[in-house]
Amino acid sequence: MKIDEGISNPIHPHHKLKLEYTEIPFNCDGCKEAGIGLKYSCRRCEFDLHKACAMPSPTITHPFYKKCEFQFNYRPPGQHMRLCDACRNDVLGFVYHCKRCDFDLHPCCANLPQVLDDGEHNLYLCFKLSSSCHHCGGKGPGWSYRSQCKSYNLHVACVKELLVESWQAMYLNADKNRVREIQTRIPSLSGKLRNHHGGRGGKVKKCCQMAGGAVRLIVSAILGDPTAIIGAAVAGFMSMSK
């Protein structure tokens with residue numbers, strides 16, 4: 001049986017980081033974004049990194065940016081605030097940057113799967129929205145996941161925002177009313193999709209009959225560990241209408 005002896009990281013050189021699994025949300029000390037599931041951690045220093053941040057590739061390419069070569073940076077380049085071109089959130093730490101085109105991607109965003117499959121339905125990562133986001137109602141920039149019929153879209157940024165708010169309320173001992181208020185803002189896919197298709201006798205297109213598992217796949221992918229197992233860890237945050 002192979003023993004995990006840990007890995008070294010330049011921004012935490014004093015102790016080895018060991019691979020762990022957690023169902024408690026953490027803030028990555030590399031990219032400064034939320035995470036759950038697999039992480040490299042130093043318990044002595046309470047230091048955590050997404051797997052994608054702990055073991056980055058020096059350079060990557062991405063199908064959305066065919067002319068770009070992204071280089072890994074431990075800090076954002078330049079003096080001005082930068083935005084991730086995938087989720088439109090601030091870049092505060094580790095980042096993949098294309099010097100030629102001036103694009104930036106958080107490590108976890110750069111590793112988002114092109115297709116998520118929950119066993120019944122596929123969700124596709126898209127560069128631009130084909131219709132309004134079912135959370136914010138906008139068509140603003142930023143990547144999204146969409147259903148096979150192209151009728152359901154959800155910004156990557158919107159999923160991040162809702163989850164982080166929900167976790168902050170729960171783990172910072174906010175009152176129950178605040179937690180309940182935030183939970184009701186998490187997209188309720190079945191109800192929204194049923195309305196979107198006209199509610200014809202409850203007959204919703206099969207491609208849009210996405211159970212909580214499909215949404216949790218999106219969540220787990222965004223948080224750095226695209227597996228169905230991690231999705232179960234955030235099941236409690238999903239208020240799915242039936």
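Any Cβ shown, glycine's included, is placed from N, Cα and C.
TrEMBL does not curate its annotations; it predicts them automatically.
The structure displayed is predicted, hence computed values, not measured ones.
Summarising the annotation, TrEMBL assigns domain 'Phorbol-ester/DAG-type' to 14-68.
Under the heading transmembrane segment, TrEMBL lists 217-238.
Helix, strand and coil counts from DSSP across the domain 'Phorbol-ester/DAG-type' (14-68) read 4 helix, 35 strand, 16 coil.
When pLDDT values are averaged over the domain 'Phorbol-ester/DAG-type' (14-68), the model yields 92.
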